[in-house]
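Quick look at what TrEMBL lists:
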TRANSMEM  38-56  transmembrane segment
TRANSMEM  68-91  transmembrane segment
TRANSMEM  111-133  transmembrane segment
TRANSMEM  167-191  transmembrane segment
DOMAIN    172-454  domain 'ABC transmembrane type-1'
TRANSMEM  211-233  transmembrane segment
DOMAIN    487-725  domain 'ABC transporter'
Amino acid sequence: MQKMSYFSPLLFVCLDVCVLKVISLAQLSPLLLPRPFLTLWGGGLIRAGLLTSLAFTYPGSLPWMSSFAGLQSTAVLCFHLPAYTTLLWVLGKPVVEELWGWHSWQRALQGYIVTVVAWLYWSKYVSSLLLSWGRYASSLFTKTPCEKPKEDTGGPLKRLIGYMMPFLWRFITVLFLVILSSYGEMAVPQYTGRVADWIMNEEAPEAFTDAITVMALMTIGSAVLEFVCDLMYNITMSRIHMSVQGVVFQAVLKQEIAFFDSTSTGELVSRITTDTNEMSEALSEKLSLVMWYTARFGFLLYFMVSQSWKITLLTCMGLPIIWVIPKLTGHCSQMIAVKVQDSLAKANQVATETFSCMKTVKSFANEDGETERYRQRLDDTYALNKMEAAAYATTTWANSMTTLALKIGILYYGGTLVTRGSVSSGDLVSFVLYELQFASAVEAVMHYYPAVKKAVGASEKIFEYLDRKPQVPPDGTLAPENLEGHIQFKNVRFSYSGSTDEKNLVLKDVSLEMKPGQITALVGLNRSGKSTCVKLLERFYQPQAGEILLDGKPLQSYTDQFLHDQIAVVSQDCVLFARSIRENIKYGCKNASDEEMYTAAKQASAHEFILELPNKYDTDAGEKGGQVSGGQRQRIAIARALIRRPKILILDNATSDLDTENEYQVNQALLNQSNNCSVLMISNKMSVVEKADYIIVLNDGMVEEEGVHGELLKKQGLYAELVKKQDMSFHRKQEKGDE
Ligand SMILES: Nc1ncnc2c1ncn2[C@@H]1O[C@H](COP(=O)(O)OP(=O)(O)OP(=O)(O)O)[C@@H](O)[C@H]1O
């Protein structure tokens with residue numbers, strides 16, 4: 001590998017100086033003597049060409065020299081003087097000195113300083129700003145031909161702008177107010193300068209009064225505009241925040257159940273609340289600051305240039321230096337601060353270790369030894385603290401010294417211009433006032449702009465959910481008036497992970513049938529796949545193979561609304577919402593009458609206990625139904641299912657939380673329902689199961705046996721074993737009770 005030579009910059013400068021010397025001699029030739037502009041631009045081109053060739057062809061040149069930033073700097077070095085001279089010429093200013101002296105060593109040195117300053121600006125701050133603006137502008141106005149349409153729905157910034165579009169007029173008004181208010185604010189120093197001129201010249205007393213009046217009016221006016229603007233902006237941003245939160249919430253609700261299995265509730269809530277809050281706070285606060293400071297920066301620059309473009313140039317050249325020096329010293333104090341933290345952590349470690357092993361320390365009588373060890377650690381921290389204090393003082397000193405140096409430079413140079421009569425004393429006063437605000441305005445824009453960018457970037461996380469397409473098949477179209485409730489599983493294979501590997505399958509070729517109007521029981525050992533069958537019936541997941549038919553038609557062909565109106569599920573872990581019992585029973589069935597609600601509650605044996613509650617049906621169920629007992633919760637959930645008059649009722653251990661008497665009542669009521677609908681019952685209580693018209697026994701994801709109670713008992717298989725086990729445990733419990 002070619003070794004890099006750090007002499008290459010020196011070689012670069014030597015070549016440049018030689019080229020300049022040759023051009024200065026060539027300019028005296030009869031051919032070029034009458035054409036100074038040709039020499040100026042031609043010389044610039046030759047310089048740029050030779051320096052670029054050196055950067056690309058010299059084997060030891062630094063990679064930076066042939067990078068984009070290097071080429072940019074070469075262009076600034078070679079063309080800033082031709083451009084500046086031409087501009088002066090266009091403005092009708094004298095250019096003799098520039099045309100004949102641009103290759104002098106003073107000008108060459110000045111050129112290098114300008115290039116370094118330009119590079120500092122460009123590389124650190126301006127480039128990132130322009131690049132992102134440029135990218136955004138090009139994304140708005142250009143369409144790459146022949147490009148395939150992308151899945152991507154646009155960058156987050158574009159998306160956010162999409163949400164802002166309905167309020168476009170408000171934003172335009174806000175922008176207008178920002179510009180107007182900033183203009184008023186920034187014009188005040190101009191009038192201060194005029195007042196200073198009046199005081200010094202002691203003439204035109206009415207000018208003094210005028211200036212004071214205008215200043216007062218402008219200050220009041222811009223303050224009022226700022227107030228209106230901030231109010232309007234913040235209200236608009238809150239509206240946008242609300243609408244983003246709303247659509248994200250809606251998008252999350254549309255996702256498939258498997259998505260909720262793999263995403264924690266905390267993460268979902270954090271996306272909808274914390275992330276959107278952070279984004280909107282950053283946008284409301286920081287974007288507004290960027291807007292204000294950019295407007296101020298623009299007006300400051302305008303007023304400064306109109307006072308004196310020469311002092312403005314000096315200020316702009318000095319700014320990177322006053323930013324760079326404190327940054328370097330700041331970096332140093334940051335490093336020391338990290339070391340202090342480490343050292344403190346070590347001292348704490350000694351203390352923690354000592355206190356946790358107190359008995360050992362005491363038994364060895366080593367209290368003094370441990371104290372000494374702790375003191376040593378504290379001594380290390382103290383030494384670092386001293387360094388930190390020195391670094392802090394240096395940073396503060398460097399800050400004020402560089403700012404002071406720039407101010408002295410401006411005052412000195414401004415004073416020279418005042419003496420020469422190029423600017424008035426009042427202009428210099430105005431300029432100093434502008435300069436005081438200028439550095440902080442530029443710094444504020446550079447500080448807040450990345451924060452806004454970060455917030456926009458963070459919004460990507462929020463939009464991730466909006467872009468996510470739910471992994472559910474398209475909604476069906478069937479919604480027949482009459483449904484019999486005939487269910488068939490045909491060779492259904494299913495795994496939660498989506499894998500078709502035999503070892504991951506929860507259901508393995510399950511074929512079963514639920515006849516209309518019958519009570520079908522699904523039994524089996526734990527984890528045999530009973531609840532999974534229910535989840536597939538609810539269409540929460542899709543089987544990997546086989547099909548599920550409802551009245552002979554695939555389950556997918558029915559509309560989602562119809563399916564969930566017809567299939568009601570009451571499971572052991574059903575939860576209530578923190579709303580009134582009335583709202584809970586009528587959940588998803590808002591139009592049901594109170595009469596229907598009472599009937600459903602009576603069927604679920606819930607009516608009586610609800611009437612005993614303090615506010616009857618208007619009693620709040622509390623979070624997750626915490627205000628009522630487990631059994632009561634279960635009965636309300638059953639009423640919630642029954643009020644829909646479903647064609648298929650699924651009871652997944654629905655009565656397991658009830659005491660024996662209530663269980664009997666509720667079961668009777670539920671089983672009476674089977675006159676109107678098909679019931680699929682999952683229960684561990686064989687005394688309940690035996691009443692079913694048909695029993696299917698699942699074992700490890702497969703149908704092991706099926707038939708009616710008597711037949712299955714005779715088979716002496718898994719079903720008979722389950723009945724026997726329950727009988728034995730019942731007898732054991734009874735014996736314990738008797739004792
Ligand atoms: N959401 C899920 N994600 C991954 N695996 C699951 C999920 N739900 C259930 N399982 C697994 O599927 C298998 C069958 O579970 P299922 O709840 O259907 O059995 P079950 O017969 O109803 O059991 P139980 O009587 O204990 O409720 C189990 O191994 C279980 O761990």
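Just so you know, glycine gets a Cβ as well, placed from its N, Cα and C.
All annotation found in TrEMBL is predicted automatically rather than curated by experts.
Note that this is a predicted model, so its numbers are computed, not measured.
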Same-chain residues at least 6 beyond the ends of the transmembrane segment (167-191) whose Cβ lies under 8 Å from its Cβ atoms: 211-212, 214-215, 218-219, 221-223, 225-226, 228-229, 232-233, 236, 239-240, 291-292, 295-296, 298-300, 303, 429-430, 433-434, 437
Residues from the same chain, set at least six apart from the ends of the transmembrane segment (211-233), whose C-beta lies under 8 A from its own: 170, 173-174, 177-178, 180-185, 187-188, 191-192, 194-195, 198, 284, 288
Cβ contacts under 8 Å made by the transmembrane segment (38-56) with residues that lie 6+ beyond its boundaries: 8, 11-12, 15-16, 19-20, 23, 26-27, 32, 65-66, 70-71, 74-75, 77-79, 81-82, 85-86, 99, 102-103
For the domain 'ABC transporter' (487-725), the mean pLDDT of the predicted model: 82
